[in-house]
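A quick write-up on the structure given underneath.
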Amino acid sequence: MKIRSQVGMVLNLDKCIGCHTCSVTCKNVWTSREGVEYAWFNNVETKPGQGFPTDWENQEKYKGGWIRKINGKLQPRMGNRAMLLGKIFANPHLPGIDDYYEPFDFDYQNLHTAPEGSKSQPIARPRSLITGERMAKIEKGPNWEDDLGGEFDKLAKDKNFDNIQKAMYSQFENTFMMYLPRLCEHCLNPACVATCPSGAIYKREEDGIVLIDQDKCRGWRMCITGCPYKKIYFNWKSGKSEKCIFCYPRIEAGQPTVCSETCVGRIRYLGVLLYDADAIERAASTENEKDLYQRQLDVFLDPNDPKVIEQAIKDGIPLSVIEAAQQSPVYKMAMEWKLALPLHPEYRTLPMVWYVPPLSPIQSAADAGELGSNGILPDVESLRIPVQYLANLLTAGDTKPILRALKRMLAMRHYKRAETVDGKVDTRALEEVGLTEAQAQEMYRYLAIANYEDRFVVPSSHRELAREAFPEKNGCGFTFGDGCHGSDTKFNLFNSRRIDAIDVTSKTEPHP
């Protein structure tokens, strides 16, 4: 057993209001520069819908994630090394700019320079940020399907409608929607790492954050196809790939990510999980896709177990990280209460950004008296959002974990409503779903109140264990350019503008 730690995230979809604050703040901090105008490290999608980029969940089209071969071994869906090499100069599974959107701005200067007395109202026409040319029509945007914007024929192409009679949901009275904030999953078994020909992508040992080395990246873009969540973007200015960095400078300082800090709905939770690195391959190679969720749970370790603590210390896990894992809200939601579920575990990447399924539209329908009940709780299988749809999204089609999570949330609400409104303690609903009163009270505190100190339990990094970064900063500078690879050629395979790098190598004493 080899114990490692990972900073994970849980998003409570039951409270997401779709305000896009997380997307805007992330955009302003990380991708408000030339070359990545179209890139959104964090975006909020409305489901049902095809998402951003279009149809990103269709792995028959994009070939992302892993597949299990007949011999039980894993292989990138793109193919083996020889197949990857054969596609290196022409990747047919790469999303194009039209699958995202052509970034644009408006000719606001035209409003200022329009002559007085003009017979027509001056307008600010859209202009492409890539070509600089005027655009006749804006065809798409990052939230083009926001709030079910668009006809149902396009929304019905959502892959999560598989095995569902989706025709009935085209009728107004059966319409449903939910918000799905998405960011890089920082997987335990990342396919992007395996498909990068340059070996530029790596997973940090201390916190599990997946990063791209901008010095090593050569812009092959195989990682974009390899990532099943399509959360890696190509910077056409620098010729490099970029992705969500989980705000690691903030994480190292013990602070939450920008998207978590600015979330007005308090839906995001950050915490440490301890896991067995030796069990990753066995879990990801599980034959039945519906068992992948449980196999990933088996990878996580109990931070309160004395044997786990002893082994973690031997494996170099600091005590502060172990203590943070014992108070982790992510561990409580994923392991103890089993409310949080992984996004598309069938991709076999073992994602580490999990989601609590939405309950609000279901509960409102139950309050209206339109639904039957199953014992104390409403019959969740007959409620507004199809359980099978949520299962296709979060548990590879297995409805049992979805039903358990929804019933436990309903039971907690039933218990607290009886306590606060009726002034009595009614534990029948809790007993029905296997919860204690103490667990229900704690769930209420974390889900409803969601205090800052409960949502974010992030240990600061141990800088005494890190190598001094000043020589690297002095020699190269922390830039998004070509880095210090020492190239002096002007040839560019992808016909994009490159930033000339200055070859400066710092001389430092060897680290003891």
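Yeah, the Cβs are placed from backbone N, Cα and C, and that goes for glycine too.
What Swiss-Prot says about this one:
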| type | residues | note |
| --- | --- | --- |
| DOMAIN | 7-35 | domain '4Fe-4S ferredoxin-type 1' |
| BINDING | CYS16, CYS19, CYS22, CYS263 | [4Fe-4S] cluster 1 binding site |
| BINDING | CYS26, CYS244, CYS247, CYS259 | [4Fe-4S] cluster 2 binding site |
| DOMAIN | 175-206 | domain '4Fe-4S ferredoxin-type 2' |
| BINDING | CYS184, CYS187, CYS192, CYS227 | [4Fe-4S] cluster 3 binding site |
| BINDING | CYS196, CYS217, CYS223 | [3Fe-4S] cluster binding site |
| DOMAIN | 208-237 | domain '4Fe-4S ferredoxin-type 3' |
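A map of Swiss-Prot features onto the structure.
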{"residue": "CYS19", "record": "[4Fe-4S] cluster 1 binding site", "DSSP (3 states)": "coil"}
{"residue": "CYS26", "record": "[4Fe-4S] cluster 2 binding site", "DSSP (3 states)": "helix"}
{"residue": "CYS184", "record": "[4Fe-4S] cluster 3 binding site", "DSSP (3 states)": "coil"}
{"residue": "CYS196", "record": "[3Fe-4S] cluster binding site", "DSSP (3 states)": "coil"}
{"residue": "CYS217", "record": "[3Fe-4S] cluster binding site", "DSSP (3 states)": "coil"}
{"residue": "CYS223", "record": "[3Fe-4S] cluster binding site", "DSSP (3 states)": "helix"}
{"residue": "CYS247", "record": "[4Fe-4S] cluster 2 binding site", "DSSP (3 states)": "coil"}
{"residue": "CYS259", "record": "[4Fe-4S] cluster 2 binding site", "DSSP (3 states)": "helix"}
Checklist line | Beyond the flanks of the domain '4Fe-4S ferredoxin-type 1' (7-35) by at least 6 residues, Cβ under 8 Å | finding: 41-44, 46, 129, 142-143, 146-147, 178-181, 183, 186, 207-209, 233, 235-238, 242, 244-247, 251, 257-273, 328-330, 333-334, 340, 352-360, 409, 447, 450, 458, 480
Note to self: Other than CYS16, CYS19, CYS22, CYS263 themselves, what residues in this chain have Cβ atoms within 8 Å of the centroid of the [4Fe-4S] cluster 1 site's Cβ atoms?
What the structure shows: ILE17, GLY18, HIS20, THR21, VAL44, TYR179, PRO181, CYS259, THR262, VAL264, GLY265, ILE267, ARG268
Next item on the list: Please list residues from the chain of CYS184 ([4Fe-4S] cluster 3 binding site) whose Cβ is under 8 angstroms from its Cβ, counting only those at least six apart in sequence.
Entry: PHE41, VAL210, TYR229, LYS231, ILE232, LYS243, CYS244, PHE246, VAL353
Margin query: Between the Cα atoms of CYS22 ([4Fe-4S] cluster 1 binding site) and CYS217 ([3Fe-4S] cluster binding site), what distance do you get, rounded to the nearest Å?
Written below: 28
Notebook entry, point to check: Which has the fewest other CB atoms in a 10 Å radius around its CB: CYS19, CYS192, CYS217, CYS259, CYS263, the listed binding-site residues?
Noted result: CYS19
Checklist line | Whole-number Å value for how far CYS19 ([4Fe-4S] cluster 1 binding site) lies from CYS259 ([4Fe-4S] cluster 2 binding site) (Cα to Cα) | finding: 12
Note to self: Neighbours of the [4Fe-4S] cluster 2 site CYS26, CYS244, CYS247, CYS259: Cβ within 8 Å of the Cβ centroid, same chain, sequence order.
What the structure shows: CYS22, THR25, VAL29, TRP30, PHE41, ASN42, LEU183, ILE245, PHE246, THR257, VAL258
Item checked: Spatial neighbours of CYS223 ([3Fe-4S] cluster binding site), counting only the binding-site residues CYS16, CYS19, CYS187, CYS247, CYS263 and Cα distances within 10 Å -> none
